[in-house]
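Asker: If you scroll down you'll find the structure; I have some questions about it.
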Amino acid sequence: MWQFIRSRILTVIIFIGAAHGLLVVGPKFIRANQEYTLVISNFNSQLSKVDLLLKLEGETDNGLSVLNVTKMVDVRRNMNRMINFNMPEDLTAGNYKITIDGQRGFSFHKEAELVYLSKSISGLIQVDKPVFKPGDTVNFRVIVLDTELKPPARVKSVHVTIRDPQRNVIRKWSTAKLYAGVFESDLQIAPTPMLGVWNISVEVEGEELVSKTFEVKEYVLSTFDVQVMPSVIPLEEHQAVNLTIEANYHFGKPVQGVAKVELYLDDDKLNQKKELTVYGKGQVELRFDNFAMDADQQDVRVKVSFIEQYTNRTVVKQSQITVYRYAYRVELIKESPQFRPGLPFKCALQFTHHDGTPAKGITGKVEVSDVGFETTKTSDNDGLIKLELQPSEGSEQLGINFNAVDGFFFYEDVNKVETVTDAYIKLELKSPIKRNKLMRFMVTCTERMTFFVYYVMSKGNIIDAGFMRPNKQTKYLLQLNATEKMIPKAKILIATVAGRTVVYDYADLDFQELRNNFDLSIDEQEIKPGRQIELSMSGRPGAYVGLAAYDKALLLFNKNHDLFWEDIGQVFDGFHAINENEFDIFHSLGLFARTLDDILFDSANEKTGRNALQSGKPIGKLVSYRTNFQESWLWKNVSIGRSGSRKLIEVVPDTTTSWYLTGFSIDPVYGLGIIKKPIQFTTVQPFYIVENLPYSIKRGEAVVLQFTLFNNLGAEYIADVTLYNVANQTEFVGRPDTDLSYTKSVSVPPKVGVPISFLIKARKLGEMAVRVKASIMLGHETDALEKVIRVMPESLAQPKMDTSFFCFDDYKNQTFPFNLDINKKADNGSKKIEFRLNPNLLTMVIKNLDNLLAVPTGCGEQNMVKFVPNILVLDYLYATGSKEQHLIDKATNLLRQGYQNQMRYRQTDGSFGVWEKSGSSVFLTAFVATSMQTASKYMNDIDAAMVEKALDWLASKQHSSGRFDETGKVWHKDMQGGLRNGVALTSYVLTALLENDIAKVKHAVVIQNGMNYLSNQLAFINNAYDLSIATYAMMLNGHTMKKEALDKLIDMSISDNNKKERYWGTTNQIETTAYALLSFVMAEKYLDGIPIMNWLVNQRYVTGSFPRTQDTFVGLKALTKLAEKISPSRNDYTVQLKYKKSTKYFNINSEQIDFQNFLEIPEDTKKLEINVGGIGFGLLEVIYQFDLNLVNFEHRFKLDLEKQNTGSDYELRLRVCANYIPELTDSQSNMALIEVTLPSGYVVDRNPISEQTTVNPIQNMEIRYGGTSVVLYYYNMGTERNCFTVTAYRRFKVALKRPAYVVVYDYYNTNLNAIKVYEVDKQNVCEICEEEDCPAEC
């Protein structure tokens, strides 16, 4: 078969000057800190030697000299001379040239412009996965290389930035230090981040070096993959598409299930659909109805949904299938791009089927214009019709025509070459390319050669050259050693003079290896999950090695996250790339010529095609429960040992799948090494279990726990499968209550998934361990796994907490009584009582930082609860000189996540909004800006310009009177609604400006105008909420009326419990009281603030937070500020807890800051007494909880539910309608949320909401708890009906279902709510149990 494969681009530009028998060759490009080599050849028969002055010089655009180097050299007859120039490290951009002048009577002058290349380093990024879920950790490596693929000596650090899809800076490393050219770090993604494509960018000296993207989204990693391909290449004449559908688990075994196939033709309209049962592989034919094509090919779209049997897990694949008019295509391949008039021209028509195989037996008429060529030919076994054409001396163009008998037509023109000589030289490689081995080349010339020169070029420079003297031969065997300097790629150029014309040729050398010849292998290609695997590495002693392994299933999303051999080749080529021009070989080789009039350079010297050149390629037991199901692992760095090798033993995850393992190595001298392709290995067991468990169930429901058994041993076996009752959490339906396990037996044929299930009830709330073991052959082969499902209460849990605070400056003894307020209608057995002693005010806040509020946080304001408390905790820890570094690290890490979350709500004008891309909010922008400013003390990722822009936006919204009004929607009426002259919002914005040192100066006029407005309004403020924020603003400003405002605020307060507590009774009493406490701290009224603190701590949740975002923000801020003044450093006291007839003792000293708790309080206890004796500070907390049936709640919303008829037990469609019931005409709620919980066994897909009303649209939707709950957000609600339909699907079998519920409530006043229950099918145990599970009554 003929091969006409185009050679690759030469990555070194060379200039050649031939005059007086002198040939000068050198690189066209120069770089800083790199050698520049010039080669001068003397083939002058008259002069025994020539003397030359070489001058390399450069200057900037304004004439400043940046380089001036001269060298005197002499070159003897029939010899080469290599001259090296070392370019300085600090070489900068400029205009450079080299000049060669003859000396001592030798007349010669040539100069050439050189091109400065600034690119001296390149970068790569490796990420451990292509896609991440919220809450995942992103591991990444940055690799920086110089032009020789080594760590650059001058680059010690880089600037790394990670941005979210809106280009907000989420994390940055300003000075990321490189080790062996590598920087490695990670990013913890927040639980509710902005979904989409994120970006990692790397900068050096202010210029971007490299960037890479990864995706953040909700996804489920499929256990199997589906491939859809045409069974035969579809042609128009077939009028059908025949498809092969293959479904295999990632560990290679076939999947059984149903494939739903849909065909879409023109305009993306559904043409037809079919279903077929598939076990591993299936075929289906989709016939067209008069399908006509307008072109030679046309795409149709096929969508295949494959549903796995027993589990209903689904994989959807969409494919573009091309339908062709003809069964083949043709391409003209030529020995050279152009023909020479008067010389033979070889070419061929290559016929290929659309699958890439040669199309033989294609017959047609071949016509070539201008030469009178006409014949009928048939393609041979290689799909070729070979042609040897004889263009005449006067031929200008060849028009090659092919007409097949089936109507296929092809035409292409070939132009003549503008030539100066018929002579040419050819270089052919005649041996393999191997490191340190001899390479043999055949040099062939049409003229008898008296000399030729060869040049070896690599990495932008000439690394070797030679002057060869054949004895007037036309063929010569050139032998060169393949040195390490040539690796990974090089070029060999040969040149000679034939009759006053320089002719030349070249060959590419691609070693397919790197100087750092790193190798990685594993001891087994198939291994059991959870077992050890041995990795063997070899390379340069002491070299750095980076390893990574990930689940092959991730490649279904993307594979650009990893580093591959091809990436290294692209980096290398990127240093030396030149645009190829197939008609100008000088351009492609990077050559330009300088010569006298009587010596010319040939312009068409590519006589033959050449192959790409490549080198050869190197080559009675304990049962452990599978609990580690990672998607990526082995993200590890090691060093090669002194011997040049290293072994590593690692435990593989418990997942049954296929894995990709990759590795690279970096050595300071030999540079980068990487394995040729990822190592693929499989974790699979001869016998194993696959689970299909629900996310959650309700206590008391009968639930089918389903598993599938797989047997790969080639024969049928009886399997014993045991489900365990772990910690007495589980009841086996139809079995004795005392059973600790339940064993079933089932026959498992080979290579077929066999389902087995257990009918159970959950006895306890919380997390229930599901532990299952299966064995065959008397236990010779076993598998076991353990997972957790959540057990939810039948009713709504009602958590409560009573708190007393004490602060003894000297020794005291005091008793605190606690009477528990437990509803008489509480569910039996649901009561839990706990005592907790906190020697530190923020202990529980710190412990629960990542879970302060149980309510949804799906808008820009609520989301701040994941950000602000971390700032307050860090303020407190630093203010009190805490040495608890792990707490500081936890708060800082969560602060970063909260920042990520919040950046979702940044608007294009620099402000912040309550929803993504929904418009700006004055209130929220003030809230976020002041928080970001404070947070910047603890994380450098926050852009000061971003905070400044938000505050500038705020300042621009001030009214001429000094007042601020909300520009966006109102969802927090008291703050934003403009009620009572807008005092609350104006005060709030002023506090944001006053708490920012830059804004306080920049916007001093805005602040002054605002304070004037507040002081003018002070006499008319009668609302405690407004006054509390205004007073705090005046305190921050140091206003002359601050004392008057505080006195007025104190007059509005309420004292109770013998003046041990003080608070302000408004609809926002926690927020109001907290602002008042902040003013007390600013006024240094610490002792007077303690009664306020007493009341505030009594309002807290079990987690240490308050009911809502603003309560938590201001409440914790106030408590923190006072707590900083009341240090627990003097604690020394004893606490007695008395209940019924029992007593429990606790001793506290100044070194204890963690809480102590006691859980063993009987549930029928109604009263506790706690005695404290000693000196110090502490919180006494009695936490209790009970479940209350849903019918016992009062309603302030109208809520209606309608279960629609779907005709199927597997689909649930629930119509939900809600509206606010106002006390005053036309009044509205604050932000309203509707939460729909689903019955056990049902889950929603990604888009569950339809048929929503549009008068008051839904602003946001959250899917929670594994798809078992959906939350809808509204700005507010009035009397209008707000309706939507939610659709869910039954994925698991459940009997005795508890009712599910829908709740609607006002986020800022949760006393305004409504709850309704609903039920679905009332299946009993007998309807879902299998024979051996069924109780006697069935």
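One-based numbering along the chain as shown.
From the backbone N, Cα and C atoms, a Cβ is placed for every residue, glycine too.
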Asker: The disulfide recorded in Swiss-Prot for CYS1283 goes to which of CYS859, CYS1217, CYS1338?
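Answerer: Between CYS1283 and one of CYS859, CYS1217, CYS1338, Swiss-Prot records a disulfide, namely with CYS1217.
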Asker: Going by Cα-Cα distance, which of the recorded positions (ASN68, ASN199, ASN312, ASN728, CYS1329) sits nearest to CYS1338 (disulfide bond)?
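Answerer: Checked the recorded positions ASN68, ASN199, ASN312, ASN728, CYS1329; minimum Cα distance to CYS1338 (disulfide bond) goes to CYS1329.
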Asker: For each of the disulfide-bonded residues (CYS1217, CYS1283, CYS1326, CYS1329, CYS1334), count the other CB atoms lying within 10 A of its CB, then report the residue with the highest count.
Answerer: CYS1329
Asker: Taking only the Cα atoms, work out how far ASN828 (N-linked glycosylation site) lies from ASN728 (N-linked glycosylation site), in Å, as a whole number.
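Answerer: Cα of ASN828 (N-linked glycosylation site) to Cα of ASN728 (N-linked glycosylation site) measures 19 Å after rounding.
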Asker: Given the glycosylation sites ASN68, ASN242, ASN637, find the one whose Cα is closest in space to the Cα of ASN728 (N-linked glycosylation site).
Answerer: ASN637
Asker: Expressed to the nearest Å, what is the distance separating ASN637 (N-linked glycosylation site) and ASN199 (N-linked glycosylation site) at their Cα atoms?
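Answerer: About 24 Å separate the Cα atoms of these two residues.
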Asker: Just to verify a number: CA distance, ASN481 (N-linked glycosylation site) to ASN199 (N-linked glycosylation site), in angstrom, no decimals.
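Answerer: Cα to Cα, ASN481 (N-linked glycosylation site) and ASN199 (N-linked glycosylation site) are separated by 45 Å.
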Asker: May I ask for the distance between ASN813 (N-linked glycosylation site) and ASN199 (N-linked glycosylation site), taken between their Cα atoms and rounded to an integer number of Å?
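Answerer: Spelling it out, the Cα of ASN813 (N-linked glycosylation site) and the Cα of ASN199 (N-linked glycosylation site) are 60 Å apart.
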Asker: Highest CB neighbour count within 10 A among the glycosylation sites ASN199, ASN813?
Answerer: ASN199
Asker: From the Cα of ASN68 (N-linked glycosylation site) across to the Cα of ASN312 (N-linked glycosylation site), what is the distance in angstrom?
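Answerer: Given the Cα positions, ASN312 (N-linked glycosylation site) is 75 Å from ASN68 (N-linked glycosylation site).
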Asker: 10 Å Cβ neighbour count around ASN728 (N-linked glycosylation site)?
Answerer: 11
Asker: Whole-number Å only: compute the distance from the Cα of CYS1329 (disulfide bond) to the Cα of ASN199 (N-linked glycosylation site).
Answerer: 51
Asker: Once the chains shown are all counted, how many other Cβ atoms turn up within 10 Å of the Cβ of ASN312 (N-linked glycosylation site)?
Answerer: 15
Asker: At a 10 Å cut-off from the C-beta of ASN242 (N-linked glycosylation site), count the other C-beta atoms across all protein chains.
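Answerer: Excluding its own Cβ, the number within 10 Å is 15.
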